[in-house]
Amino acid sequence: MPKRTDLQTILILGSGPIQIGQAAEFDYSGTQALKALRGEGYRVVLVNSNPATIMTDPDLADATYLEPLTPEFVEKIIALEKPDAILPTLGGQTALNLAMELHERGTLEKYGVELIGAGVEAIKKGEDRELFQAAMKKIGVETARGKMVHSMEEAVEYQKEIGLPIVIRPSFTLGGTGGGIAHTYEEFLAITEGGLRDSPVTSVLLEESILGWKEYELEVMRDTADTVIIITSIENFDPMGVHTGDSITVAPAQTLSDVEYQRLRNQSLAIIREIGVATGGSNIQFAVNPDNGRVIVIEMNPRVSRSSALASKATGFPIAKIAALLAVGYHLDELPNDITRVTPASFEPSIDYVVTKIPRFAFEKFPGTSDHLGTQMRSVGEVMAIGRTFKESLQKALRSTESDIRGVYAEMDEAGLRALLYPNPRRIEAVIELLRRGESIDALFDATKIDRWFLEQIKEIIDAEHELLELGPISEWKYEYWREVKRLGFSDARIGEIVGLSELQVRQLRKAARATPVYKTVDTCAAEFEAYTPYHYSTYEWEDEVTGTDKPKVVILGSGPNRIGQGVEFDYATVHAVWALQEAGYETIMVNSNPETVSTDYDTADRLYFEPLTFEDVMNIVDHEKPVGVIVQLGGQTPLKLAKKLADAGAPIIGTSPETIHEAEDRASFNALCERLGLSQPRGKVAETPEQARQLAAELGFPLMARPSYVLGGRAMRTVRSMEELVTYLDEVYAAVEGQPSILLDQFLEGALELDVDTLCDGERAVVAGIMEHVEAAGVHSGDSACVLPPVNLSAELLARVKADTERLALELGVRGLMNVQWAVKDGTAYILEANPRASRTVPFVSKAVNHPLAKSAARIAVGHTLEQIGLTETPEAAMYSVKEVHLPFLKFKGVSPILGPEMKSTGESMGIDADPYLAFYRAQLGAKSYLPLSGTALLLGDGLDEVASTLQGAGLNVIREQDGNTLPDLLIDVTGSPLLRTALERGVPIVSTREAAVWTSKAIAAAQGSELRVRSLQDWQTQEAVAG
């Protein structure tokens, strides 16, 4: 059936700030849906509080609301925009829960808005554990034995019946939040209590343990004609007990027989029909008992999910785009497959390669928390690799994670390695090293329950390592040898380690033997039809499937896996660069390994290489494509680290030169440059060794800010207040950071106000694009501080000085593109802290706040355009106050105190916009899920809060200065760092831990008291006159 014509305006709900369990995959799916629906002529309205996304760019939707994802704000948008329908299946759990709240409040009925994609009943059946179990029973699909309970009394009663271990799964939560596996009665009580609290409907499912079973997922799509297709099967390398988001996964499933696969397929078809997902995609998870083949369904997500993004990238089938079109009435057989152009979307994808996904973790950011993986997701990003075999795919995925830690494991004894066989991020490395040492597959299977087939495959890689030494001198290897070795996924660097040569020596010998990769195409049909979308991966075979063109080409390096400190903001910058260069007439080539992102969509760049971001893999592409330029400064630290090596090998790096990058990143040369320019710096020195650091600290005095060269996200950065603290810090930093980094010791400017300045420079002229004032004082990482643009608390004279000095610095360095500079203002003097001649994480926020696409301009500068040609010759004036606030993942890391410091810990951000800076701050807080109360009790702990107390009392809150028994307040402001902060966080009470944020919070509450908080689209804001600033 053709698309519905009774719908004119469709409201899409986004997913809000990036958080663990809900990351960049929803920017990718939302962006696809926006393009698809607008392409069909619908008016599309988007609400999403996350400015770091492509989907919230003003030209993607007809009206974009950077507003909190709360029922109150969305109702105001519905009243204003009068949508005919809401599509809630593309914004993760946040959007589904919000749709249900709007239904329950009567908002949908009041305004006559229809839910499309998934109806209320389907969402309830898919998400409510009790209803799901009943539905499965009805169609004869087995679920784990279990019971839904709504109180501790019920839970204790049922636990007696089912025993231990026991799985606790709260209803309607994200990424397994609040759940877990209890092995002891004490754990059972603690997890269940937390789960009941975290579930918005106060219910948890208690289930029999299926630890150690094999886990599979099927990605399923259905249309209103009841055509159901399977996009792909996905197998979890890690057995049951590890959240699928934290597990290594493989597509297609490797260890299922055809009969077993058909059984899961048939059950999936029955499940999606019974749940009632009439249109769109669902992800269905199964567990299979390896001993007897018993199959149970674990759960389904009646929406586009993290696995959908992986399945899309693994197969080339655009699940989110097709889901959006099915939601407006199309049938699968009416939609063409973009890649083949001859097959309809009702053809199930078929693939002739293997895809491996490996998650990326950030436990090093949260010392003291356990790295034991369970049913609560804790990874912050992921990589994907494609190979012709599992072995090739696994080795490529391992090197894509950028955590080259082979040496660490080689030095461990066997007892230490065996101690790492519990579910944790390092288990795969321990398994590999133990196999290297001769551990048996049976012993490893007993310890890990990782399927023997996977262990056999890894053992074959290890056997090949031994065989390499028997092939004779590497200089005499024939092409056939090289081909067989490389088809197992071995990198030049790893071959070099084994045979005792450098990576560059191996590369030269390999090229001399004419052993270079060919590039295959991801085509959805296992090469049965011609593919029109150039989406490629490398392997070592005969036939190359890349067809060249005569257009000048530019390679843009992506940012690899998301992590704390290098998130979706850098993907945003690389996508903008692609668009700008396409407009300028270049053929764009994207290289990236992250399946969650817009940059790795098959129709973003002219050509996509899904490859690891390593010197070897990137240089192979440069050799193959012969581009006129390679852009490294938009993808964060990952491509920057490759810049010098690529340039030395002949890659034409364009934009800011590797020499400039080095001059700004290397602390000693940067300090000398600032002295030459007469820029004030905190007193500081660079130490090359721990001994020198101790000596310099004694000269400078404490407190000091200590930071290593070449790090992102404040990695290993700390405020040290005594020699003892410094000694401990040095021991830790030399253990945690690769190589022997030089360390900058700076006088710490206690209580200074920090500024972030983003600048564009074309080599002849520099223009500051935006100056952000931090809410938090110096000492809190810039990525964890809220910030406001334009600044509120600084004089015009000081801002003019900062602007002029920043522009002088950019010109002196020879920046060609973007530069971010951080300043600290104390007693009327601005001190320069650091300069980064690259895109910073504030680029998307500033681009929206000042209505200028900074990353697009940086890309145009890289290919020779001037700021004058671009049309940016002076600092743009902001039409509104914009506040960026961060989302912090403390809840996922038990026992960690939610206190901010110089090491970055946030995973995402929200944006608030208003004509009043304090109302913009209030909106940003709500957008980051910190729901500041406008009434009730505020508990203030610590000195220096009298002004805050007075403001809150004036706003009508009851202010108390000590805790009333065990009763928690409605707002906790605690600058003493007490354990109450953690307790309040776990109970959902908004917390503030610094005096600076407390001042802003109190003023925001007072401002919100007397305001209607009207909603206004970003497009509308950007057309008005500038605010003062």
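Backbone N, Cα and C define each Cβ position, glycine as well.
Listed in Swiss-Prot for this protein:
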- Arg129, Arg169, Gly175, Gly176, Glu208, Ile210, Glu215, Gly241, Val242, His243, Gln285, Glu299: ATP 1 binding site (BINDING)
- Gln285, Glu299: Mg(2+) 1 binding site (BINDING)
- Glu299, Asn301: Mg(2+) 2 binding site (BINDING)
- Glu834, Asn836: Mn(2+) 4 binding site (BINDING)
- 133-328: domain 'ATP-grasp 1' (DOMAIN)
- 1-402: region 'Carboxyphosphate synthetic domain' (REGION)
- 403-544: region 'Oligomerization domain' (REGION)
- 545-929: region 'Carbamoyl phosphate synthetic domain' (REGION)
- 930-1029: region 'Allosteric domain' (REGION)
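In the predicted model, the region 'Carboxyphosphate synthetic domain' (1-402) shows an average pLDDT of 93. Taking the C-alpha positions, the distance from Glu215 (ATP 1 binding site) to Glu299 (Mg(2+) 1 binding site) comes to 11 Å.
With respect to Glu834 (Mn(2+) 4 binding site), the closest of these binding-site residues in Cα terms is Val242, chosen from Arg129, Val242, Glu299, Asn301. Within 10 Å of Glu299 (Mg(2+) 1 binding site), as judged by C-alpha distances, no binding-site residues are found among Glu208, Val242, Asn836.
Taking a C-beta cut-off of under 8 Å and a sequence gap of six or more, Val242 (ATP 1 binding site) has these contacts in its own chain: Asn236, Leu373, Gly374, Thr375, Pro423. In the three-state DSSP classification, Val242 (ATP 1 binding site) falls within coil. The secondary structure of Glu208 (ATP 1 binding site), as reduced to three states from DSSP, is extended strand. Note: the region 'Allosteric domain' (930-1029) comprises 35 helix, 14 strand, 51 coil (DSSP; helix = H, G, I, strand = E, B). Non-local neighbourhood of Gln285 (ATP 1 binding site): Glu215, Tyr216, Glu217, Thr244, Val297, Ile298, Glu299, Met300, each in the same chain, at least six residues away, with C-beta under 8 Å from its C-beta.
Non-local contacts of Glu208 (ATP 1 binding site) by the CB criterion (under 8 A, 6+ apart in sequence, same chain) comprise Ala144, Arg145, Gly146, Ile162, Ile166, Val167. Counting every protein chain shown, 17 other Cβ atoms lie within 10 Å of the Cβ of Glu834 (Mn(2+) 4 binding site).
Mapped onto DSSP classes, the region 'Oligomerization domain' (403-544) shows 75 helix, 10 strand, 57 coil. There are 24 other CB atoms within 10 A of the CB of Arg129 (ATP 1 binding site), with all protein chains counted. On its own chain, Asn301 (Mg(2+) 2 binding site) has Gly126, Ser282, Asn283, Ser307 as residues at least 6 apart in sequence with a Cβ closer than 8 Å to its own Cβ. If you count neighbouring Cβ atoms within 10 Å for each of the binding-site residues Glu215, Glu299, the highest count belongs to Glu215.
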